[in-house]
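Here is what TrEMBL says about this protein:
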type	residues	note
BINDING	A:Asp74, A:Asp141	Mg(2+) binding site
SITE	A:Tyr111	site 'Interaction with target DNA'
Amino acid sequence: MANVPDGPRFYNPAGPAVVHSVPLIPLPMAYYRPPGPAPDPVVVRDLTRLQDELRTRIRLEPLPQEPQLIAGCDSSFPTPETVLSVFVLLRFPSLELVEKVYHVSPVTLPYIPGLLAFREAPNLLMAYEKLRQQPDIIMVDGHGIAHPRRMGIAAHLGVELDVPTFGVAKQKLTGTFQEPALTKGSITPLTDKQGELLGEVIRSKDKVNPLFVSPGHRCDQATATRLTLACLRGYKLPEPTRLADHWAEEFKKEVR
DNA sequence: GCGACAG
DNA sequence: ATCTTGTCGC
């Protein structure tokens with residue numbers, strides 16, 4: 001069994017079990033220590049500073065007009081050392097798929113909370129360049145300004161492309177919120193310690209975990225939330241993200 | 001010192 | 001993100 005860390009182990013992949021007469025509680029795979037060397041503290045410091053520079057370029061504003069084309073993007077990892085990024089382009093508001101492209105390249109950085117963009121954005125940009133038509137706005141899988149330094153991957157991509165973006169994440173990275181009601185369409189604010197709005201927590205489907213929606217660049221909260229709701233089609237994930245997810249899995253089969 | 005920690 | 005079986009609920 002590869003990738004098993006040394007030292008004490010708390011993960012029990014087989015489910016209920018007994019070791020030394022002590023029942024082990026099943027925990028998610030996240031409790032495995034990530035493979036590879038620990039992130040270089042100097043690299044982390046430099047990337048963090050770069051984020052602070054990029055942050056000054058963010059503009060939060062409403063879209064000048066209703067989008068005609070909306071993009072969705074996602075990344076997957078066919079192997080631990082290769083990243084595959086996908087861009088899908090959908091007509092809005094019909095949501096029909098008009099384009100799907102992908103790009104594969106070597107992984108250059110491990111996953112580090114807060115620095116996700118430096119791991120995935122370079123390859124996402126390569127995939128973006130393969131689109132024949134450009135979107136009016138991009139829905140990114142991950143956070144926009146709902147980030148410790150307000151520079152989630154959605155904001156990062158938006159600034160580098162200077163294209164409107166917003167983020168739709170499945171898990172919280174930072175901030176506090178109250179659980180929205182369990183009915184589709186319920187919304188509560190995601191705020192920082194000072195009470196500033198970072199994003200909105202949206203129940204995209206009855207009784208499923210909510211989504212975390214935040215603006216990235218050249219977009220505001222109202223627009224991000226409105227477009228997210230307009231892209232729902234009975235699934236937890238809005239169509240741009242859901243289709244990008246789907247094709248990331250399909251393309252992965254082709255490259256393995 | 002102790003938690004929290006997108007994908 | 002990725003591995004991985006069955007299972008519970010609407």
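Here the Cβ of each residue, glycine as well, is placed from N, Cα and C on the backbone.
The structure displayed is predicted, hence computed values, not measured ones.
The number of other CB atoms found within 10 A of the CB of A:Tyr111 (site 'Interaction with target DNA'), across every protein chain shown, is 13.
The separation of A:Asp141 (Mg(2+) binding site) from A:Tyr111 (site 'Interaction with target DNA'), Cα to Cα, is 15 Å.
Within 10 Å of the C-beta of A:Asp74 (Mg(2+) binding site) there are 27 other C-beta atoms, taking all protein chains into account. Taking the Cβ of A:Asp141 (Mg(2+) binding site) as centre and 10 Å as the limit, one finds 25 other Cβ atoms among all the protein chains shown. Secondary structure at A:Asp141 (Mg(2+) binding site), taken from DSSP and collapsed to helix, strand or coil, is strand. Secondary structure at A:Asp74 (Mg(2+) binding site), as computed by DSSP, is strand.
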